[in-house]
Amino acid sequence: MKDLLNLLKNQGQVEEFDAIRIGLASPEMIRSWSFGEVKKPETINYRTFKPERDGLFCAKIFGPVKDYECLCGKYKRLKHRGVICEKCGVEVALAKVRRERMAHIELASPVAHIWFLKSLPSRIGLLMDMTLRDIERVLYFESYVVIDPGMTTLEKGQLLNDEQYFEALEEFGDDFDARMGAEAVRELLHAIDLEHEIGRLREEIPQTNSETKIKKLSKRLKLMEAFQGSGNLPEWMVLTVLPVLPPDLRPLVPLDGGRFATSDLNDLYRRVINRNNRLKRLLDLSAPDIIVRNEKRMLQEAVDALLDNGRRGRAITGSNKRPLKSLADMIKGKQGRFRQNLLGKRVDYSGRSVITVGPTLRLHQCGLPKKMALELFKPFIFGKLEMRGLATTIKAAKKMVERELPEVWDVLAEVIREHPVLLNRAPTLHRLGIQAFEPVLIEGKAIQLHPLVCAAYNADFDGDQMAVHVPLTLEAQLEARALMMSTNNILSPANGEPIIVPSQDVVLGLYYMTREAINAKGEGRVFADLQEVDRVFRAGEAALHAKIKVRINETVKERDGSVVKNTRIVDTTVGRALLFQVVPAGLPYDVVNQPMKKKAISKLINQCYRVVGLKETVIFADQLMYTGFAYSTISGVSIGVNDFVIPDEKARIIGNATDEVKEIESQYASGLVTQGEKYNKVIDLWSKANDEVSKAMMANLSKEKVIDREGKEVEQESFNSMYMMADSGARGSAAQIRQLAGMRGLMAKPDGSIIETPITANFREGLSVLQYFISTHGARKGLADTALKTANSGYLTRRLVDVAQDLVVTEIDCGTDQGLVMTPHIEGGDVVEPLGERVLGRVIARDVFKPGTEDVIVPAGTLVDEQWVEFIELNSIDEVIVRSPINCETRYGICAKCYGRDLARGHQVNIGEAVGVIAAQSIGEPGTQLTMRTFHIGGAASRTSAADSVQVKNGGMVRLHNLKQVERADGNLVAVSRSGELAIADEFGRERERYKLPYGAVISVKEGEKVEAGAIVAKWDPHTHPIVTELKGTVTFVGMEENITIKRQTDELTGLTNIEVLDVKDRPAAGKEIRPAIKMVDASGKDLYLPGTDVPAQYFLPANALVGVADGAQIGVGDVIARIPQETSKTRDITGGLPRVADLFEARRPKEASILAEVSGTIAFGKETKGKRRLVITPTDGSDPYEELIPKWRHLNVFEGEQVNRGEVISDGPSDPHDILRLLGVSALAKYIVNEIQDVYRLQGVKINDKHIETILRQMLRKVEISESGDSSFIKGDQMELTQVLVENERLAGEDKFISKFTRVLLGITKASLSTESFISAASFQETTRVLTEAAVTGKRDYLRGLKENVVVGRLIPAGTGLAYHSERKRRRDADKPLRVSASEVEAALTEALNSSGN
């Protein structure tokens, strides 16, 4: 027996390894794996079901079918272990060896491996420098290829068809060698001298000029170097020996009725063996060449189908017309080996059931049905029963459990005590989709779930199911309790706000109990303390909403942690006083002295967590829930039809609108307005009417008249049930109430256009058939959208997780002082996100000074918490440089300082936190809430009148940012730069609003001037683009000849004449080359120069420009000499929602992207080519001018002679992130992408912390492109990992050599995932074949640094608690100790890690 145990123990030995290398297998290697050659295509005998000898299931080769029993039955039992039977040749061993023993097939003719041939770029093609077409013609026996030309005129690698071959034979005889088929390819590959070729290529590359050629050569060079470095030989890409998979991995199972269920691989192997044997026979018989050739081609095709069916030609199908599943299909795709078995395993000790509400549970509990618990905890129960002596053997214990004896239930209760279980609800979109609870045994068959965790699970009780998992080992239980317990997950990892927040009934109850009513019973009474209020309320002497005075004792926790007790009398209501009883000590009374709406409750829990800590908050949340449920029951709030009060004004508003529509219709009938104008006007009218109705309705609903104590009639907030539900945030919104009690309003057709006739009825009045029919469009589209959205959102999450999976916090501080400049996010004059919110939980990168002084008020390295935020706001700082994941210099992973606060815990992030995955989940999880639509700007939205002035909302001081301006004679300023901004700061100097100022805007205030709210500080004409002079003088016209380059127009109304410049295509031949311009000269006629330059002041006029001055006129500074009419931009669809987020993360270049200036300098326009304008920028530093061709239809914002800075917008359009990175750098790119993505989420009301987006962005910026190789081994134009390049440059700098220079590259998330260092991670993501082919050829090593790779090889992940295990192993590896780490050592390392992380 002992022997057996030792044997089993040895079987379980795991090889310890630190990297996995993938490469090409040489024929010798394949033979060394093999336990014999498969010679026959037979599988098993259909009568005896015994494997045939030398066949695909041969027991001699692969091992016995039954444990320790040879095939003929001569040797049985364990004692003969290792004996080889002399009769049948089978070794006596475990049948399990049939899963690991391989065989081989000796191929009669070499066969090219289809992956290296067809997987683009073709590796065989690159090495041989032949096209794929040519190689295929050789392989499939259509042409000869010259292998050795000898002394003839032929060239090596030249293709010959049959005729040419026979001609060559006649001419040269046997002086040359030309063959066909895979052996020819193998010969050519064998003949390649890698070292010589590499040397030749390295010399050739610097001498080539054409870009494409350099690309091709460097591709070849890279491949050759990869082969040389990996020890792979090129000829191994052609197989001479084919390995055979162990038979238990391609099973053949007899079904009843004499049929067999078989793996497709057996069919594919059978074809290969049949053709191979036939070919051997033909070669022995020395058959005619043409027959042999055909057989060889068929063998090649059979092997192709086995390796990757359907890659070349039509897929081979089985009897049922279904393509056979080849080896490649086994590993790729969702059902392949990687995603189905290695990354997604099924879990034992688990069960699932429907969930129902457990309103009496505490937050850390869940109700578990007894039946389930009994099954899940079986082994524990067996153990306990034996330990107690209630059962003697496991078998007896099993019987007891099956009979469900009473003592079993006692034991179960004991086993379950303090043994947490994990609850999971699919889809698990973020880490809060699996949490740990302590089970409470319940009768019934449904799992009970605590209502407050529903938000995290996104669960509801309409039939949702959840799975239960039991953590078995002590470590697992410890982690479940310490890290995954629901009480430890109060804050959301996405934004750091509480996620355990009451909703619906609870909110309604709390809101109801904290509302005040006028003249309620007991109003105006004064109470000594809360207990008295409680007694009086219970006795029915005071109503819940009565306004009272009460004396309270509150304890308030101060900033420094000291506790202040004070007693005061407050004006409040009975309900609020009752609610204060459950508020933990440390929070002031003011937190409950308001109507508790959803937002207020969320804020309250957040404050509670920050002030009094986790434990108190959990107890408080539970109490809040119980209170809320109790009072929502007492309130009896429910909806009746009479609650939907329809406003009296509705009929009048709709009547007026109908009349106006009739008026427009008659205008249309008489031809005064066009169809489009009519449509737009009507839709505008109805949306206005709709708004009026809903305003009237809300005014009606939200107030009610009551009599106060003096008998006067006063208004108070309404107690209408529906209004209370919406107002409290429990359910419903103004928009929904509008449909119930106002009017449904305008409906859209499925294509997104709005139907002109709105639904004037509401749901209380009921819809007519037509109205109902119109409204079905929208409902149906909604359902279709939702289905698509879920899939798209899931795929986005998967790509995000894949790109960021290996990003883990690996050190405390990387020591960089780089960072992002944070400013308040201001849009159209509103502060969308104040600075405080943006820097909360971040580390300051550089000292912050008090404005206007040199005093450091926030030192670098400070982690900004809520108190610092208040401090920063008080000192009115408007920009701070903070550390960011994008700038972190940690090599593998990221440092805690650059990441900042762990949002779900509220302190600095611990080492080992998997911040990449958290970021991906935080961005992906709300994906289902985003819309799928692309918004058409049409109807009401498109005609928000173009902005033509800046009107200040709040008063304050004017600040002008990077604005070039000139002062006009009347004292006003005129903007002459395009990127200028005007900001308004309050009395503390904090920016409150910010506006863009276009070129030519007239500004009526100066820097530092005080303005009142509502003042208009700047004006411009939105429909024309002015050309403004920057100096005074006399105008002279150059090249402006009437009817050749210009034409005069007289305005009929005003009688003024304008000069219009003709478009080039409208000019007569004489004017084609002339470029009209306006030149400025002084009184004596000498040229004037632009201020500060030696460029003459000459303004070239583009087509259609209108000139408003006469030749020889005197003009002053800042006057407008010409205007260019701007057609209002054609309506662009804005991509919104999920597709927009995906576009940004995939770094897709937008269509018609904006054009940015490549260099700083002066603009000029060169000669026009067909349909394009030539833009020339002459740099200020005197280097070569930069030229670019721009299509004519692009509208440019710049003029001849104007100065631009690098990265300034020349032509409007959506921004291209690649351009921003190239011209403006990483910080500008980060700012752009973060703001764009946040805009999409903000529109849906979803909050995500910026750092998650930055974390993903860091992964997209991993690669760099080498621009100068210096003394490094890199090739110019190569894409390399940034870390690799930095390591190499450090080495070169240490040896005083030239370092390589590089530019950052932005990759989309899919591309970034596929180009990761780990091939296991990339292969399990997408394009498995391509990734593995590339990895094998280059002999890649995977150092298993990421999470995915470690999951695949079945190890603890190097994150969280697994990091301790990995760092311990690394320590041992460095110290050359044995690598097996025992549990106790891991525990020691863990304790140390936990102690060092400071909490």
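The backbone N, Cα and C atoms fix where each Cβ goes, glycine too.
What Swiss-Prot annotates here:
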BINDING   CYS70, CYS72, CYS85, CYS88  Zn(2+) 1 binding site
BINDING   ASP460, ASP462, ASP464  Mg(2+) binding site
BINDING   CYS814, CYS888, CYS895, CYS898  Zn(2+) 2 binding site
Checklist entry - Which chain neighbours of the Mg(2+) site, leaving out ASP460, ASP462, ASP464, have a Cβ atom within 8 Å of the mean position of the site's Cβ atoms? => result ILE355, ALA459, PHE461, GLY463
Checklist entry - Do any residues at least six apart in sequence from CYS898 (Zn(2+) 2 binding site), in the same chain, have a Cβ closer than 8 Å to its Cβ, and if so which, in order? => result CYS814, THR816, VAL843, ARG883, SER884, PRO885, ASN887, CYS888, THR890
Checklist entry - Three states by DSSP: which one describes CYS898 (Zn(2+) 2 binding site)? => result helix
Checklist entry - Of all the binding-site residues given, ASP460, ASP462, ASP464, which residue's CB has the most CB neighbours within 10 A? => result ASP464
Checklist entry - Could you tell me the C-alpha distance between CYS85 (Zn(2+) 1 binding site) and ASP464 (Mg(2+) binding site) in angstrom, no decimals? => result 59
Item to check | Cβ neighbours within the same chain of CYS70 (Zn(2+) 1 binding site) - under 8 Å, at least six residues apart | outcome: ALA59, PRO64, LYS76, CYS85, LYS87, CYS88, VAL90, GLU91, VAL92
Checklist entry - C-alpha of ASP462 (Mg(2+) binding site) to C-alpha of CYS895 (Zn(2+) 2 binding site): distance in Å? => result 44
Checklist entry - Judged by the number of other CB atoms within 10 angstroms, which among CYS72, CYS85, CYS888 is the least packed of the binding-site residues? => result CYS72
Checklist entry - Cα distance, CYS72 (Zn(2+) 1 binding site) to ASP460 (Mg(2+) binding site), nearest Å? => result 62
Checklist outcome for this item: Whole-number Å distance separating the Cα atoms of CYS895 (Zn(2+) 2 binding site) and ASP464 (Mg(2+) binding site) is 40
Next on the checklist: Please give me the CB contact count at 10 A for CYS814 (Zn(2+) 2 binding site), counting all chains in the structure.
Outcome noted: 19
Item to check | Distance from CYS72 (Zn(2+) 1 binding site) back to ASP464 (Mg(2+) binding site), taken between C-alpha atoms, in Å | outcome: 56
Next on the checklist: If you count CB neighbours within 10 Å, which one among the binding-site residues CYS88, CYS895 has the smallest count?
Outcome noted: CYS88
Checklist entry - To test your reading of the Zn(2+) 2 site: which residues beyond CYS814, CYS888, CYS895, CYS898, same chain only, put their Cβ within 8 Å of the Cβ centroid of those residues? => result GLU811, ASP813, THR816, ARG883, PRO885, ASN887, GLU889, THR890, ILE894, ALA896, LYS897, TYR899
Checklist outcome for this item: Residues lining the Zn(2+) 1 site besides CYS70, CYS72, CYS85, CYS88 (CB within 8 A of their CB center) are ALA59, LEU71, GLY73, LYS74, TYR75, GLU86, LYS87, GLY89, VAL90
Checklist entry - If you run the three-state DSSP split on CYS814 (Zn(2+) 2 binding site), which class comes out? => result coil
